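Visitor: What follows is a structure written as structure tokens; I'll ask about it next.
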Amino acid sequence: MQKMAELLGLRDECGEGTLGAPALAGSCLADNRLNLDVYPDGCRRFLQLFEEQQGEVLQVEFLRLSSNDCLLDTTLGSLPHLKHLKSLVLKGGHARDEFGSYQHGSLTSLPPDFGNLRCLTHLDLSFNRLSTLPSCILHLPSLRVLLVSHNSLVTLPEDFGCLSKLTFFSAMKNQLKDLPQSIGELSMLQDLDLSENVLELLPEEVGNLQNCTELDLSGNRLLRIPDSLANLKSLRRLHLHSNLLVTVPASLASLPNLSRLDLQNNCLRAIPAEIQTLPFVHVRGNPLGETEPSPQAGLKSLHNVINSCMSSGSFPVTSEGCRVVLACGIRFYFPPGAASDPLRIHFRSLTPDPQWVKLRHHDVLLSTVLELQPHGVQFQQEVQIWMPYISPQTPHQHEVVVRTFSGQSWNDLKTRVKQERKSKKCVAHCCVLHFSWFLVVSRLVQNECKVPAEGTLLFSSVDPNIKVTFPPGVTKEPRSVKLQVLPVSAEEIEEITAHAECRASPLLYLSQDSTVDFLKPVRIQLPLPPGVTGLNLDRSRLHILHGDLEGQTWNDITSEVVLEFTHLYAVFEVTHFSWYWLWYTTKTYIGGIAKKVYERLRLYQVNFIALQRKRDPEQVLLQCVPKHKVDPVLKKLQDRYRGPEPSDMVEMFEGEQFFAAFERGISIDMDRPDCVDGRLSFIFYSHLKNMKEIYVTSPVDRKGQAVKGQVSFYRGAVPDSIPEDASRRRKGPDSLWLATLPIKLPQLKPRWDENPSPLYSFSFPPLNLGNAETGYLTQANLLSIARRVGADWQSIGLNLGLTYQQIERIGYNNREDLNKQILDMLFSWAQQNSEDPDCVSKLITAMKESGRQDIADEVEAIIELGRQKYSESIRRLGLEQESSTEDSAIAMM
């Protein structure tokens, strides 16, 4: 069993042995540990064991269950019988919603006799729905670690201080408004995390926490902090960023062990001189030195909050209003009175995923997705948002809009666009009364009107010759009608059809907000195809085509409508809306031709490039580039990269997935989060960068010889909205291949991470950095991270808690080699914190605070991938839910 556990790479929070989910695979419960939270039916398994092997289950000391389990309530009644239990984890977050966010568990309370667990020292109830702390927790005399983060706690019990042995308490991401005075009685408390709550004031008794080494109060609504914090003589790290602090006590400078004070993103206009001189104080994002706005401005406490280089974070908003600027260029304006109560806004930038970012036909994505929380909060006045975007290539026939997701569907907002005078960046401006998800798209220009019973006229602003006339009596109730036009040039038609005699009018799309057809025919006027007039018109060659909403089927309805002609226009009448297209051709099967042309109008011609960095050929840049951008992109990269000519031209849809695979003796790190079955995953968006830069290696012995490999590109998942014929043509192994480009790895000198000096020959056991709560990082993971750190290593080191003296010593000892400086810093920190259960989350936080969100995302992805592999490895040992042998194995225990 111990060997099996070592193969799984599991360790308990003290680094000793395994968490016992693998025990179910044997004939007994090894080491009194049960880890069942990786199974969707973990509670069922526990109840079955409790019934069939109760004697052994009662000896369990470490137990993990998922609170997303539907049998949790039934299971809770059995837990108080586990008198030897030392560690209990009842966390949610084991399931995700359609947007990838963790779902909270169903736990709302605990049974009263839970307090009988006299041996319990570790309790984790994170990611649940607790609104009050269960009173039975206060009767756990041995409790040392308590985690209730990501719940809905509003307050803590008045006698919370009776947990006299508590050393670690985390209530992050709740709704705590105040703290009980008894919190000062937690004399053994070392780590207190109250971040991301709604605290406005702290009791003076907080200053009695004499053993507290880390205090996190970030992301609250604190207006001031008590002077008693200067009594925390053991305090090393104090996090106060993202509050509403106007000033801080100068007495904080007297704390003898303080090595980090984070005051970023507050309302500080002045900082005591004693604190300003401290080398470890972070004050970015405060309006320091600003004067108050003039009364005429009407914004008495207007302030700026600038979050530098962050793709996620938060900022406070009060009833007085504020302006907010994010480093990515997104701006907000909250007018006075928009928020009736102080509020903390959370933001994050998301990579667009075609599974839920649904683009309509001929839409072009121009930005990443911006998520703003809390969702659904109603503002008293409209909040203004400015979102930068990439300028589209077809400005005449398209318009730029901000699109928002309501939780059910995407809707377009009334949008104004402009170009910034200084930066020349394009910005989309909209106003909203609530927050959700936002992105910028380019759509076909949309004209709309309200059709009353008296009738009206609607025409296209793209082509005013296209008109729709609604006669009186066309409807009983007013209804909204939208009109969009896609111009198609004669050159495009000829190129696609390879027939010079084919001509077509602009493509017309009509829609309405009613499912009922009009009571009277609606009159449509379309211009005749180019080169065709009423004088030379051959009526036998003219066809009116009607397309379904997806453009999959085009029917010739010429014989079903009455066509009228003028010198320049064709006029006909319809009673329902969809796509309409006027064609002039001698071809007979015109519906099939129109379908082919419509499909091609949605495709982009692209080339693939694969370049290697001149200084390090193992660093490869892969990119999918629209055909017209290839030359400028190559010119920009030619000084730093070299490689083969771009691939031949291929065609792709907006939002289409494709993969890159290294072949013939070249491989990549398979633990990358964007790596699927050894292939790198991409999503093609014509106006966004479809680029990734990765390190490759070769298992082939390269002594004295180069490795001549290749990278091939393959189609991936077919978008839901592409034409049926196009989907059919892409089936089969040969149809998935797009292009292949050569990659050559020369004989290289040994790299610093392959032959480290004795200073860097640390012997980390596999998966030893971190714990089962936060996941594990291996030595290989740290080396991969070190490659990307670069010149930011000093900032990262300070944010990890290293002192200035340590940073200076590392820099001096390795002054000739940046790579050694990075390794020394990273592994020095790793050795110091290898027993810290939260070291992985602290590494992620340090990367974010250092402006390296890219590395933070990579670490989070590695951790998540490790959890998935762990779950799969347990199942491979005989714990599959569907395995028939598994149930019999359990029955034998």
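Each Cβ is built from the backbone N, Cα and C atoms, and glycine gets one as well.
Caution: TrEMBL annotation is automatic and unverified by curators.
I grabbed these lines from TrEMBL:
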| type | residues | note |
| --- | --- | --- |
| ACT_SITE | HIS434 | active site |
| ACT_SITE | SER436 | active site |
| ACT_SITE | HIS576 | active site |
| ACT_SITE | SER578 | active site |
| DOMAIN | 311-444 | domain 'ZU5' |
| DOMAIN | 445-586 | domain 'ZU5' |
| DOMAIN | 778-863 | domain 'Death' |
Visitor: For SER436 (active site), list the number of other Cβ atoms lying within 10 Å of its Cβ atom.
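Guide: Counting Cβ neighbours of SER436 (active site) within 10 Å gives 17.
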Visitor: Would you count the other CB atoms within 10 A of the CB of HIS576 (active site), including those on all shown protein chains?
Guide: 12
Visitor: Distance check, please: Cα of SER578 (active site) against Cα of SER436 (active site), rounded to an integer number of angstrom.
Guide: 30
Visitor: If I take the alpha carbons of HIS434 (active site) and HIS576 (active site), what is the distance between them in whole Å?
Guide: 35
Visitor: What's the CA to CA span in angstrom from HIS576 (active site) over to SER436 (active site)?
Guide: 34
Visitor: Validating a neighbour-count step here. Other CB atoms within 10 A of the CB of HIS434 (active site): how many?
Guide: 14
Visitor: Inside 10 Å of the Cβ of SER578 (active site), count up the other Cβ atoms and send me the figure.
Guide: 15
Visitor: Quick one: average pLDDT across the domain 'Death' (778-863), no decimals.
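Guide: The answer is 79, the mean pLDDT of the model over that range.
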